[in-house]
Amino acid sequence: MTISDIRLTPREVAAHLETDELRQLVGLVEHDDASDPFPVVAMDAVVFACGNATQSMQYFVSTWGMTLVAYAGPETGQRSHKSFVLESGSARFVLHGAVDPKCPLADHHRAHGDGVVDLAMEVLDVDRCIAHARSQGATILEDPRDVTDQFGTVRLAAIATYGSTRHTIVDRSRYDGPYLPGFVARSSGFAARPGKPERLFQALDHAVGNVEMGRMDHWVRFYNRVMGFTNMAEFVGDDIATEYSALMSKVVANGNHRVKFPLNEPAVGKKKSQIDEYLDFYGGPGCQHLALATGDILATVDALRAEGVEFLKTPDAYYEDPQLRARIGTVRVPVEELQKRGILVDRDEDGYLLQIFTTPLGDRPTIFFELIERHGSLGFGAGNFQALFESIEREQAARGNL
Ligand SMILES: [Fe+2]
């Protein structure tokens, strides 16, 4: 099998993505599905529980340039909660918000705040995947079942993962409705300001989970066993972790790397770990960040800043470090253009990537987004952990505070 054999989903075709473009955007590799115990077609959706899904929908449409495509709620017979479905390229977000105060979503939001409840994946054979997951000891939250409406039938099941997060798996090969049975097509009247790029991101690159100290390897093995995911080369070990970032990280991915799940755990560092802060405020393990792939991170960052999105600041010392300049070599724009926007660079043997992180999306210091533009690199920016924290310390030292 070669990369060109990767089957685009109907949604990716509709979004005018091409295989080579997707390969570049999210770093796809060759893979033979035949020996895969849990073959995954693609991410199906990232499902959020929101305190106010109606307003979050407007935020994702107006600020993040997403397209509203489907809806379910009291008007369509779903009395307990509203659900909005948004797309950007091959990425799909689903936002749920409680209408009925007795809806379990209201309790979930009270406990966790806004966050990701489901990282749904599209598969070809739900029953085969669930049989394998069950044989490996996974908790099956929902057994395979058909759900039908006038657009056809989907087959769905759900597997528990870290915290209160789940993986719905769905076979939608016999379905052509706007999302799932019960949803109706819906669009937004929003008109983007002139000159704003039509789409700010094309695909989901990776979804990161934060788990408790000492639990990272448990969840790595869970994905190895239950979904046949393999470990990617990149990891952040305790040498970098304890000195700078106070986290450790490993990455698991499905065969062709369409689905990539980095897993973080706190490490004992100089300061309180950012992972501990997340666990305190989310109330346990959960999704820390979603990386959104873009082909032009400079234009995307400029458009998002114009809408008021805030990003983590990168100290000038990061860009002025001769070691960093030597490490990153030549990238597609002058380093000054990156510095102006605070965009980070990392390079490995396969190429380089550009990345930047937003501040938390909601009130709690929990979920945030990353933007990523890949040029061959299959990494996640581990080189930036050390470079960024060292440069912060250099600035601290310059102020006489280290
Ligand atoms: Fe990331």
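Keep in mind that glycine also has a Cβ here, set from the backbone N, Cα and C atoms.
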Exercise. Need a hand: TrEMBL gives His206, Glu370 for Fe cation, which of His109, His112, His132, His289 is also on that list?
Worked result: His289
For this session: Determine the Cβ neighbour count for His206 (Fe cation binding site): the number of other Cβ atoms within 10 Å of its Cβ.
Result: 23
Exercise. Per DSSP, to which secondary structure element type does Glu370 (Fe cation binding site) belong, with helix, strand and coil as the options?
Worked result: strand
For this session: Count the other Cβ atoms sitting within 10 Å of the Cβ of His289 (Fe cation binding site), across every protein chain shown.
Result: 23
